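These notes are about the structure you will find just below.
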């Protein structure tokens, strides 16, 4: 009897240890076409270091009660009464960028892209996998609070106009923490469907590691998507004066409905969502020729994600999405018949002056993911007479990431804390003002502007932050007041996490 009890104990211990291994960042190997490739001999960058820093950045953006494991130590607790204006608990989550407002729309997109990064390349992340999971959980814990009441989503905490009239640390915030929501009477299909996508994608991240949490996430995702689809309307109509021009949805909500359905199809395998995509795909803009992917427009991301279901999972009814995805790829290929992308003289993909780096990171991630699916299916992209191989897609993505990390005319890394030269005056309140440890006394709302307008470097290094980046001529002034080029944002970092994991592994650094 003693023998069988100890055997049972060993079995339990082993199964717990196995779960621990899966849960705490040891890579889970799947049949992966990358494992058999030889490592190239030369990497121009330390992608592993950049990966570590790209994830660490999220700790600098945390709102709420910070854990004892907090690594960016110049930050302290903040926003501890968030939600109390409406008698709900909205403590936690992330500040989106350099201010102290919590915007639900970009936070949800950030969560979706962090989750996709882990789902696609988490098996290559080694020790960083657990840090990436914790970055996701910090967001999903908050999104669960924001969606706790049926047919209601709390989509913003903080009055952005009043917040922007101050330059103060999150720890000192005294601007109104107004709470804004969407519901049946004032719908917000784009923010609701993106939140559903985030919860569904994250449920896949935690499926093996924390199945109870994963089930909670996917159940909530289903409910939130039903709300998004049933009560259709744009949140930037009902909440216009609070969310515009900050995170106004310009692309409409159709792209989010398609994107949300794609993630729920992936997370649940429920044929209802595949049917939804087939019935509604065209009316939701599946075949649109836009080639922008970011917090506002999800069309391209949905195309790439659904093409995976066709190329890898062999869902034949989604074959059109391979053509839609190919159209996006061809738009990026310089010299191809349908090329429409612009590049700076130094070779950076250039979409717009404001936070252009978000398109660089999101496009790089999509290129590497699509290259993976094409490799698996032994397919290429045909752009007229130009045949584009997965290897070419990887090379384009690597070139974009290398530019971001310092291979550019200014020899400037656009990731704070990476490389010998990086932005010193980022547009970020907490980074630019002295820390609580250095200056325990409160810094009043307007007295921080003397620092904002000064030329002194930021005293607190927001390690891993990706800034908006250079202009179309590769110029970067490194001025704190220039939010278009100098402000970091969570949705710029999120897709880069996956791209860096792939590159670090490809060059034998992980």
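Using N, Cα and C of the backbone, Cβ positions are placed for all residues, glycine too.
The feature active site is assigned by TrEMBL to 427, 478, 487. Marked as domain 'Glycoside hydrolase family 9' by TrEMBL: 47-500. According to TrEMBL, the signal peptide annotation covers 1-25.
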Whole-number Å distance separating the Cα atoms of residue 478 (active site) and residue 427 (active site) is 9
Of the active-site residues listed (478, 487), the greatest number of other CB atoms within 10 A surrounds the CB of 487
Round to the nearest Å and give the CA-to-CA distance linking residue 427 (active site) with residue 487 (active site). 5
